[in-house]
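Database features, via Swiss-Prot:
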type	residues	note
DOMAIN	2-90	domain 'GST C-terminal'
MOD_RES	LYS7	N6-acetyllysine
MOD_RES	SER8	phosphoserine
MOD_RES	SER42	phosphoserine
REGION	78-115	region 'Disordered'
MOD_RES	THR88	phosphothreonine
MOD_RES	THR93	phosphothreonine
MOD_RES	SER95	phosphoserine
COMPBIAS	96-113	compositional bias 'Acidic residues'
MOD_RES	SER106	phosphoserine
CROSSLNK	LYS147	SUMO2 cross-link
MOD_RES	SER174	phosphoserine
Amino acid sequence: MGFGDLKSPAGLQVLNDYLADKSYIEGYVPSQADVAVFEAVSGPPPADLCHALRWYNHIKSYEKEKASLPGVKKALGKYGPANVEDTTESGATDSKDDDDIDLFGSDDEEESEEAKRLREERLAQYESKKAKKPALVAKSSILLDVKPWDDETDMAKLEECVRSIQADGLVWGSSKLVPVGYGIKKLQIQCVVEDDKVGTDMLEEQITAFDEYVQSMDVAAFNKI
């Protein structure tokens with residue numbers, strides 16, 4: 001298992017393909033699996049790898065919560081597609097002599113046990129929620145205006161990046177390009193969200209992270225279902 005060399009374009013492409021239908025490296029919540037892979041990536045993936053970039057920006061936002069993310073961090077080769085071998089160069093040996101602080105926490109045995117317990121609790125809660133299937137789920141229909149930088153922005157790529165955002169309780173709908181003047185068109189895209197899982201702040205944060213294509217995002221219409 002692995003992603004190849006995550007410091008190379010080829011390795012980042014493998015990561016991007018792997019995340020095309022996943023929000024996280026493992027499971028349904030950010031975990032130490034995401035931390036391990038995040039640490040191996042030397043920086044933000046390029047904008048054309050929109051799945052990898054969306055994941056990178058999302059995991060980066062958990063920097064303050066890194067110690068409490070569930071799971072036990074394993075070797076990088078334990079994650080990713082089964083048919084790819086990990087060849088990412090590790091800086092673990094060299095970094096022992098440095099004064100740099102590890103971006104994502106320690107391998108403390110006690111902390112790992114606590115993290116494992118926390119992960120099992122969260123998974124149990126998730127399975128419990130799934131099994132209960134509440135009779136009424138509050139949902140909203142949202143129409144978003146996503147504006148590009150100029151008339152040279154690749155709108156097909158912009159829409160691909162937007163639709164790459166996946167979350168439990170989020171379903172993308174129809175879209176169209178609407179002229180705004182000077183040859184510029186904005187993307188108008190519909191989505192349905194479960195109110196207790198997905199909010200407009202989260203959507204705005206993840207959409208505007210694709211800043212090579214996206215200038216801004218506005219909520220054009222918001223209706224309870």
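Placement of Cβ uses the backbone N, Cα and C atoms for every residue, glycine included.
Feature annotations (Swiss-Prot) mapped to structure.
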residue: SER8; record: phosphoserine; contacts (Cβ under 8 Å, 6+ apart): none
residue: SER42; record: phosphoserine; contacts (Cβ under 8 Å, 6+ apart): LEU6, LYS7
residue: LYS147; record: SUMO2 cross-link; contacts (Cβ under 8 Å, 6+ apart): VAL180, ILE184, LYS186, LEU187, VAL214, GLN215, SER216, MET217, ASP218
residue: SER174; record: phosphoserine; contacts (Cβ under 8 Å, 6+ apart): ILE189, GLN190
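There are 15 other CB atoms within 10 A of the CB of the residue listed as 'N6-acetyllysine', with all protein chains counted.
In the domain 'GST C-terminal' (2-90), the DSSP tally of helix, strand and coil residues is 42 helix, 0 strand, 47 coil.
SER174 (phosphoserine) falls within a strand when secondary structure is assigned with DSSP. Confidence in the domain 'GST C-terminal' (2-90), given as mean pLDDT, stands at 87.
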